[in-house]
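Participant: I am attaching a structure below and will ask some questions about it afterwards.
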């Protein structure tokens, strides 16, 4: 396949990239398409259901479910950034993507990952106030505060990851246009560039330290206080009730950080990008699928609301 380049200065800048996807498994293209299509559809429908239930049921109009609806919207958005292109590659071998679309996809994916960190941190703070300061909970976590926390999570993440996209969009890629991944991954693009990556490497380190470790430390601090408060409750029933209100969030947090470490924290090797593709694809599509399942299975209020919605439909 012929790829287009434009000459600027001493380098040739790529006009479009070729995304390899899972081309190393030619016999598995249709099975993989079917597998990821089902997971994608389930993830979108599951999160849409959560949003609809939270919006319709007045009993769920509280901070915890407001943030859950935000998380569901985020999950739909994040999985839609990467999955449709992967499905097009698997089904129709539509492997090319324009330079601008590639940068937009990379920016969207990294920004949405950061939004998830920040939203889950806001949810940890919500659980901290609910358990450690229950009498003042309605005052502290009022509608205005919740809206500000959600808006701040989105705005901060979108602004924080913007410098990466701007800098990479100015990079020269010489004659390298083949991305050995299933989407325009940040690391894959940096490896392809023939521009000095010192600035972007330093920026990535600084921003990562702030955007990943700060939410992690805030979440950890919240749960130190939460667990300390729960342990002071004398009755087993009281402890169980208090823990049940944050168990879903704790499970989602553990899955997010655990899978990210498993996928991205690996020894550098020539085959690392190749071996990373399938685990990354599963991470990208299964986390948005698991989030609504975890909350619906562990939340009694959400279970009741779902049963009410189903019973209404069966009556109609």
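Backbone N, Cα and C atoms are what each Cβ position is placed from, and that goes for glycine too.
What TrEMBL says about a protein is an automatic prediction, not a curated fact.
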Participant: When you get a sec, could you say which of 68-92, 168-192 is annotated transmembrane segment by TrEMBL?
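Facilitator: Based on what TrEMBL states, transmembrane segment spans 68-92.
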Participant: Would you kindly check 32-56, 104-125, 137-159, 278-297 and say which stretch has the most C-beta pairs under 8 angstroms to the transmembrane segment (68-92)?
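Facilitator: By the under-8 Å Cβ criterion, the transmembrane segment (68-92) pairs most with 32-56.
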Participant: Below 8 Å between Cβ atoms, which of the listed ranges 32-56, 104-125, 205-231 makes the most pairs with the transmembrane segment (278-297)?
Facilitator: 32-56
